[in-house]
Amino acid sequence: MRRRPISSSSTSNPSSSHEAGDMSGVDKGLQAKDSIGITKRSGYVILALFVLIINGSWAVHRYQFESMPVPLTADQAGKRGFSEKEAIKHVKALTELGPHPVGSDALDLALQYVLAASENIKKMAHWEVDVQVDFFHAQSGANRLVSGLFKGKTLVYSDLKHIILRILPKYASEAGENAILVSSHIDTVFSAEGAGDCSSCVAVMLELARGISHWAHGFKNAVIFLFNTGEEDGLNGAHSFITQHPWSSTICMAIDLEAMGIGGKSAIFQAGPHPWAIENFAMVAKYPSGQIIAQDLFASGVIKSATDFQVYKEVAGLSGLDFAYTDNSAVYHTKNDKLKLLKPGSLQHLGENMLAFLLQAGASSHLPKGEAVEANEKTIHDTAIFFDILGTYMIVFRQRFANMLYNSVIMQSLLIWTTSLLMGGYSAAISLVLSCSAIILMWILSLSFSTAVAFVLPLISSSPVPYVSSPWLVIGLFAAPALLGAFTGQHLGYLILQRYLLNVVCKRKPNLSPVTQVDLAKLDAERWLFKAGLVQWLVLLIIGNYYKIKSSYLALVWLVSPAFAYGLLEATLSPARLPKPLKTLTLLMGLSLPFLISAGMFIRLAGSIIGIAVRFERNPGSAPEWLGNIMLAIYIAVIICLALVYLLSYVHFSGAKLPIIIATCILFGFSFAAVLSGIVPPFTEDTARAINVVHVVDTTEYGENQEPSSYISLFSTTPGKLTKEVEHIGEGFICGRDKVFDFVTFSVHYGCWTQNDAGSGWSKSDIPTLHVESDIKGTDRITQVSIDTKVSTRWSLAINTEEIEDFKVKENSEELVPFDEKSSIDGWHIIQFSGGRNAPTRFDLTLFWVKNSTRLTHKEDGRLLKLRTDLDRLTPKAEKVLMKLPPWCSLFGKSTSPHTLAFLSSLPVNF
């Protein structure tokens, strides 16, 4: 039977550190009881708490991110509602066309389908609603963004076509002066049919437009639906609309629909800068979903991607919302972005949320004006912080309020700590330092254990990322070692802290029995560790508040809720009471709200990091194979140290220490064995490795007496060697790092190549040319170069900015890229061109050399210009390789990657 513990209270509570006072009366009162020990906390209670947290976190994640609304039929939705069953017909029709990149016949068919659907919406609209359909053919243009993924590049486009719907009340002409833009893209990358990215978005927009066409007679604002093309090659569709279409001047707010996976809940991951849109969305959305931490990560560059929303904010000065599907992000831009993986309810979720928001915004008289939301001091303070709770409620508050709230909590916390340390004296200060040292040890060992596994995985597995197709493996591979390290580090700190507190107890209470003194020191150490967890979150809140990190609300929640529970159930101002064991209720009360708000999001971010591993290497082979594992391991260790710091403080004075060590070792052992044995494949047909197969015709050294070099290049953005894939394909591939293949927009440092039977399928007439028309030397050296890309309307040109100060590009005497200041990356400025089938292929490039250059040597490769032209054409050899490609592999496309046939050319500095 468990003995009753000594009646006591914390001597180390920030509000009750009074051990320095006269305790003789207490000591006398305890003399009769000094033989009574304090029973350890039950190990079963601790294990039950771990089980509760693990299962509770998973339940929160499932409810917040995986519970979907029931798809409605047309009859259930009615003519004014949203029907997923109708929207999915559009997805099916578009995906049946196969991949439809810019310039393809399939894209023309997709445009015609959307145009026909739009005309049908116009035909069936309410008689008091005016639906205008415009098939817009954009002229040539250039887009240079100052931040993000396309920094240091000029994006040039031509012959782009868009479908635009404008819906407004027929008898309120003033409504056309203010419009809400809803935008997404029809085009796909060449490697995917695009069920998620972004046929699902197009389908939602078409069904929304149908519903809005029966509501808009009561609107005060127009709603414009933009179905653009050219997004996948550099956000060109959005830029051409904003800069060329007459309706763009009426837009007050922009809503962008995107996909970085396939299906699931479409969440807001960017909002603002004006808070009107997110505040009104939170008020009316039926299933609100969005996290400000995603916006922080996106803005920081951690997520290497870009959406049309950047154009609307940066070029047009608009505020609004950016939505994205993120389920199963490993299939992004691969063959598995297909209809069968689109989760039922995904379109219904986004559609109902958007319909409610558009009804609210369309009838509003207070839309924020585009030019009025340019960044200034007031706008910065009024930006919104937002997050959803279980996908049911959305909390939104402004940065100005957050500043006041955070400053208030920080000042009160510092005041309490200062007061308690002054009252507790020297021993309290030392105890605080030692308890914080325990937290530091927890971080060090947790990170060390998990990253050690990250380093080892590439050595024992066929793939450095063996968990991509089975994400649950990361629990054993990284979470278990991270937890073991966190517990070990904190326990070492606990033992040091306990020893110090035992000396303090022995000096102040020499009349107590040694057993009681030891138990009191253990209880005091337990409390100090709990309070050190509060200090950890307080430090994060101070840092976040200083740098105005919007997701600092997480630190606030994880600080205030446990502190409130501790103050309510544990703290005392009486110096005549000694410490008791921390109550289980304190932990449950203190952690309920933090886990409810953040547990699902923590799991979701881990899944996103796993999905990104498929396309981790922008320059294949340039990064160590373990780097992606390190990032995932660090993330998991950080989450464990942050979220379990309070729970771990309960473990040291309990019988759960050994079971926790054994359980984590067993879990790690099983996961490690599964990877080592190869039982669990790293990739499957539905979660494939990203591969590129390119027939390269390299004319870099092409001369009168030398034939172009022709070969098949095989490389992967997924970390790891291609040995297994090459064995499956055959065809004489050689793999290694002996050659660095320069594809202009990126370089392949590890890849495979073969020249067997690579001489057919292309013609010398397809080879692009760079011809120097004139070269005027002198103080202001100017060189005229003509560019002929022959049959290619998708090409990339790199200009050596160590030699060239500026340049301009013309097409048929029309200036596409003017003379002005241009940024560069690694000494090169990149021009990426993408156009339709009727886009021009001849250009005039004027180069203005650096004046009075003092450099004695040129770049090591000695090239002034580097050109790559792409063709979406399969040569016999490339087709043969693709037919033999393993089922666990998929072609991967992005704005910088070549198609299946690429020509490389260059112009030397000393031409």
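Even glycines carry a Cβ here, placed using N, Cα and C.
TrEMBL entries are annotated by machine, without manual review.
Over in TrEMBL, the protein carries these features:
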- 1-26: region 'Disordered' (REGION)
- 7-17: compositional bias 'Low complexity' (COMPBIAS)
- 43-61: transmembrane segment (TRANSMEM)
- 171-357: domain 'Peptidase M28' (DOMAIN)
- 414-434: transmembrane segment (TRANSMEM)
- 441-460: transmembrane segment (TRANSMEM)
- 472-497: transmembrane segment (TRANSMEM)
- 553-573: transmembrane segment (TRANSMEM)
- 585-614: transmembrane segment (TRANSMEM)
- 626-648: transmembrane segment (TRANSMEM)
- 660-680: transmembrane segment (TRANSMEM)
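With a cut-off of 8 Å between Cβ atoms, the residues of this chain six or more beyond the transmembrane segment (585-614) that come close are 49, 53, 56-58, 60-65, 261, 291, 293, 303, 326, 328-330, 332, 334, 387, 389-390, 465, 467-468, 471, 474, 554, 557-558, 561-566, 568-570, 628, 631-632, 635-636, 639, 643, 646-647, 650, 687-690, 717-719, 892. The highest tally of CB pairs under 8 A with the transmembrane segment (43-61), across 414-434, 441-460, 553-573, 626-648, is held by 626-648. The average pLDDT computed over the domain 'Peptidase M28' (171-357) stands at 96.
Comparing 553-573, 626-648, 660-680 for CB pairs under 8 angstroms to the transmembrane segment (441-460), the maximum falls on 626-648. Listed as Cβ neighbours of the transmembrane segment (660-680) (distance under 8 Å, sequence separation of 6 or more from its ends, same chain) are residues 46-47, 50, 453, 457, 460-462, 466-467, 469-470, 473, 475-477, 480-481, 483-484, 487, 651.
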